[in-house]
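Enquirer: Following this message is one structure expressed as structure tokens.
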Amino acid sequence: MSAYPRSYNPFDEDAEDEDARPAPWSDSRDLADGPGAPADRQQALRQEVLRRAEATAASTGRSLSLMYESERIGVVSAEELVRQRGALERTEKMVDKMEQDLKTSQKHINSIKSVFGGLVNYFRSKPAETPSAQNGTLTPQPSGRLKDAINSSKEQEAQYQASHPNLRKLQDSDSIPGGAGSAVSSEAYPRNPHLRACHQRIDSNLDELSVGLGRLKDIALGIQTEIDEQDDILDRLTSKVDKLDVSITSTERKVRQL
């Protein structure tokens, strides 16, 4: 027995399937052809260009913020290196003073071996006291490159005004990026005010990024120079401490022999 009624037509299912197929997908941005289609396409293109310009301006703004944050961290690290240099220099001065005092003690020990002659030698060869540098305020002197980089970063606003390419380009008309349009800015940027503002903001951000990255590079080079100089101080200090340790051992041996 057939599972379908006698009046059933199997080809009717194919017709129903074709009717049930989804309509082709169409983007809402697709514009129909017609008398106003070219103008609509131009308007859509303008909106797309403006959207991309705004996204680019926002991206350069975020990059600028990251650059400023990196520069701030670089300045903090550089200033910490300067304080560390001050500590190393004070330590070196103290080691020098200890070595001088130890030499004086050794002379006293040698003079004790001869009672009378020792007294004469003591008063005659007493070394002149040198002013103690660590008692005063010792101002650390960082490397010239690092000092210049720190000062440059702290004066970044004045430096930016002096080195901004757009300001030099537009100084004859006294215009600034994002300000009133001049003859130069009208030629350099689009006529659409919103698009022109985006382009000016992008140019301003890129120019400031260029100057800021230059400052950041100077900070990095200054930090490297400062680290190299502090390595020299550490090597010098290590040698002095080793020499002082030998002198202390020798002095202790002489004291026990008295």
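Backbone N, Cα and C atoms are what each Cβ position is placed from, and that goes for glycine too.
According to Swiss-Prot, the record shows the following:
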REGION    1-43  region 'Disordered'
MOD_RES   Ser65  phosphoserine
COILED    76-107  coiled coil
MOD_RES   Ser77  phosphoserine
MOD_RES   Ser114  phosphoserine
REGION    127-147  region 'Disordered'
MOD_RES   Thr130  phosphothreonine
MOD_RES   Thr137  phosphothreonine
REGION    161-188  region 'Disordered'
MOD_RES   Ser163  phosphoserine
MOD_RES   Ser182  phosphoserine
MOD_RES   Ser185  phosphoserine
DOMAIN    196-258  domain 't-SNARE coiled-coil homology'
MOD_RES   Ser204  phosphoserine
MOD_RES   Ser210  phosphoserine
Enquirer: Once near-sequence residues are set aside, which residues in the chain of Ser77 (phosphoserine), 6 or more away, have Cβ atoms under 8 Å from its Cβ?
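Expert: Result: Ile223.
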Enquirer: Taking just the CA atoms, what is the gap between Ser204 (phosphoserine) and Ser210 (phosphoserine) in Å?
Expert: 10
Enquirer: C-alpha of Ser65 (phosphoserine) to C-alpha of Ser210 (phosphoserine): distance in Å?
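Expert: Cα-Cα, rounded: 13 Å.
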Enquirer: Grab the pLDDT values for the domain 't-SNARE coiled-coil homology' (196-258) and give me their mean, rounded.
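Expert: Its mean pLDDT is 89.
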